[in-house]
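> This structure is in structure tokens; I'll ask about it shortly.
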Amino acid sequence: MKKGFIFDLDGVITDTAKFHYIAWKDLAQSLGITIDEAFNETLKGISRMDSLDKILAYGQRENDFTLAEKEALAQKKNDEYVKLLADLSETDLLPGVHDFLAQAKEHNIPCSIASASKNAPMILEKLGVLDFFGHIVDPETLKKGKPDPEIFIKAAECIGVVPNDAIGFEDAQAGIEGIKAAGMYAVGISATETLAGADLQVTSMTELDIEQLLTI
Ligand code: G6P
Ligand code: MG
């Protein structure tokens, strides 16, 4: 029996990738770098600073900024991103998410969030689902980002579940790799990408049968 669920946030609970994309695209543009949606795909699951580093490397500007300047650029991107999230509400939950979380609660299955986003608590609050989660891993406490398993191991530990008894839900390749490296069952959620290594892939949470998952 599985005893705990660990969720990524962006692309699993809500679709914030489009807002990250707008904010990164604008910032990159201001530096003379053009990114497209295919490049944005490679930023999914990657921390704010690592995303900035990837963009600068892509535009061959990786040696042009001091750490303080890069921090200011990351802050500028986040300011725009947070503005774009102003109207986020329960209607922005991805299909099947609310139902699935409610069912997990009925089954007394603890849930936690393993997201690289420092905006996770604010986003979950706006979506009206904060109370479903027993813990949100603070990405500031991590030594390594996804695909390292650290965030998933912490997310399981914090809800008192051993990795082998946990199921991780992810929309990004780096996340699936992290879940598998943590020794958990990986559910990939994506309608557009094939997530290599996922134990099960669905296009949305509406396809998931909680009773069946728990007995895996
Ligand atoms: C998630 C998203 C990434 C984002 C990261 C950091 O993992 O998939 O695209 O860069 O969180 O988010 P933040 O809200 O802290 O900038
Ligand atoms: Mg994601």
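Cβ coordinates come from backbone N, Cα and C, glycine included.
I grabbed these lines from TrEMBL:
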- D8: active site, nucleophile (ACT_SITE)
- D10: active site, proton donor/acceptor (ACT_SITE)
- D8, D10, E170, D171: Mg(2+) binding site (BINDING)
- 8-10, W24, 43-48, S51, K77, 115-119, K146: substrate binding site (BINDING)
> Long-range neighbours only, meaning 6 or more apart in sequence with Cβ under 8 Å: which ones does D10 (active site, proton donor/acceptor) have?
T16, A17, H20, K44, G45, S115, S117, D171
> Of the recorded positions D8, W24, R48, K118, which one has its Cα closest to the Cα of E170 (Mg(2+) binding site)?
D8
> Determine which residues of the same chain, besides D8, D10, E170, D171, have their CB within 8 A of the center of the CB atoms at the recorded Mg(2+) site, and list them by sequence.
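For the Mg(2+) site, the extra neighbours are F7, L9, G11, V12, K44, G45, S115, F169, A172, G175, I189.
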> Taking only the recorded positions D8, D10, G45, S115, which have a CB closer than 6 angstroms to any atom that belongs to ligand 2?
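From D8, D10, G45, S115, counting a Cβ under 6 Å from ligand 2 as near, the near ones are D8, D10, G45.
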> Under a criterion of Cβ-Cβ distance under 8 Å and sequence separation of at least 6, what residues of the same chain contact W24 (substrate binding site)?
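Counting only residues 6 or more apart in sequence, the Cβ neighbours of W24 (substrate binding site) under 8 Å are I35, N40, L43, S51, I55, K77.
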> Using all protein chains in view, find how many other C-beta atoms are within 10 Å of the C-beta of S115 (substrate binding site).
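Neighbour count, Cβ to Cβ under the 10 Å cut-off: 26.
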> Enumerate in sequence order the recorded positions D10, W24, G45, R48, K118 whose Cβ-atom distance to ligand 1 is under 6 angstroms.
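Within range of ligand 1: D10, G45, R48, K118.
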> Ranking the binding-site residues R48, K118 by other Cβ atoms within 10 Å, which is at the bottom?
K118
> Distance between D8 (active site, nucleophile) and K118 (substrate binding site) at the Cα atoms, whole Å?
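With distance taken Cα to Cα, K118 (substrate binding site) is 12 Å from D8 (active site, nucleophile).
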> Within 10 Å of each Cβ, count the other Cβ atoms and name the one among the binding-site residues E170, D171 with the highest count.
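Comparing the binding-site residues E170, D171, the most crowded Cβ belongs to E170.
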> Would you mind checking how many other C-beta atoms are within 10 angstroms of the C-beta on G45 (substrate binding site)?
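Other Cβ atoms found within 10 Å: 28.
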